[in-house]
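J.: One structure coming up, written as structure tokens, with questions to follow.
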Amino acid sequence: METVESSSSAELLRAQTHFSRQVFSFQNFAALKCALQLGIPDAIKQHGKPMNLSELTSALPINPSKAPCIHRLMRLLVNAGYFAQENECFALTSLGRLLLKDDPLHIRALVLSEFHTALVMPWFALSEWFKNDDVAPFATAHGKSFWDYTSCDPELRNVFDGAMACDSHLIAKALVTEFKYLFEGLKSLVDVGGGNGTLARSIAKAFTNLKCTVCDLPEAVANEQGDGNLDFVAGDMFDRVPSADAILLKSILHDWSDENCVKILKNCKRAISGKDKGGKVIVIDGVVELQKKAGNDDPGLDNMDMQMLVLFNSKERNEKEWAKLFSDAGFSDYGIVRTFGWWCIMELSP
């Protein structure tokens, strides 16, 4: 067996470089969060053209004594691809434009949520959790479950809902164009756990004859207003799901254990069981290994799987695991419509 001592200097340097990139990768994300909080992307856009360092620092709400440090922050973010630098001026890249407040597909909330203190702390409790009896590392770090914590912390709840909305904007664009046939012939649809209704609003706007309902916990829908063919109802998917031609579950089941998933799915099946033919449940979630078979080598779903472990002690599932859940919940058949990005669309028949 080869030892470290027997490795060549070049091999050791490559290993050190690899570890350095991994260890320091968090700095790129922390710097990006800082840039958002300081308003750097929007400052550059509002300027209307690339900004030099003096113009940029003058536009930011910072202590003047810290202005000389901005160029070091920008250097890191340029290397990470969020900004471009030419002739001592900074401009937005296509990636950086996704950080603008007014971009309809912006991912600002996703960035801010992933580096929220309350969501980072459980990662540092991971090794302790492996040794104790807590349900999830989040509980080890905070003394309560994620859902109990967010119910008492409106700020974190808003950040979390905003992150889910970012994801929903991207998915909605695909659903109402490439996958619009999923909604053809339907008269009613319930988006279970749909939060502020980002996804349901897009569907309702695209299909004006489809009655769309968002069903979520009271605190999630308390301040939401329905409009036209969209409304909001307070409810608990573990107790009952409102009746409809179709039930939509987007990024819901990966938050829960197999046992809880079966409970949710059974309630969804009851909600469509009284309908004429065409009743179905639409699940949008990850399917481990399927993306790789489709040529997507992005390790993002592996990262998401660990995120589910840390927050909820839940997981991303492979097709065999999904099939068992659907069968245990009483569904007669399912089909995977298509994969896109990390996500798969699955149609369940009662």
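From the backbone N, Cα and C atoms, a Cβ is placed for every residue, glycine too.
Quantities reported herein were computed from a predicted structural model and do not represent experimental measurements.
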J.: Starting from the S-adenosyl-L-methionine binding annotation in Swiss-Prot that includes Gly193, Asp236, Met237, Lys250, which of Asp161, Asp216, Asp227 is the extra site residue?
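T.: Among the candidates, Swiss-Prot records only Asp216 at this S-adenosyl-L-methionine site.
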J.: Looking at the binding-site residues Gly193, Asp216, Asp236, whose Cα is closest in space to that of His254 (active site, proton acceptor)?
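T.: Spatially nearest to His254 (active site, proton acceptor) by Cα position is Gly193.
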J.: Pick from Asp216, Asp236: which of these binding-site residues has the biggest number of other Cβ atoms within 10 Å of its Cβ?
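T.: That would be Asp216, with the highest Cβ count within 10 Å.
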J.: For each of the recorded positions (Lys250, His254), count the other CB atoms lying within 10 A of its CB, then report the residue with the highest count.
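T.: It comes out as Lys250.
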J.: According to DSSP, which kind of secondary structure is Met237 (S-adenosyl-L-methionine binding site) found in, if we only use helix, strand and coil?
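T.: Reduced to three states, the DSSP call for Met237 (S-adenosyl-L-methionine binding site) is coil.
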J.: With the S-adenosyl-L-methionine site defined by the record as Gly193, Asp216, Asp236, Met237, Lys250, how many Å span the farthest pair of C-alpha atoms?
T.: 16
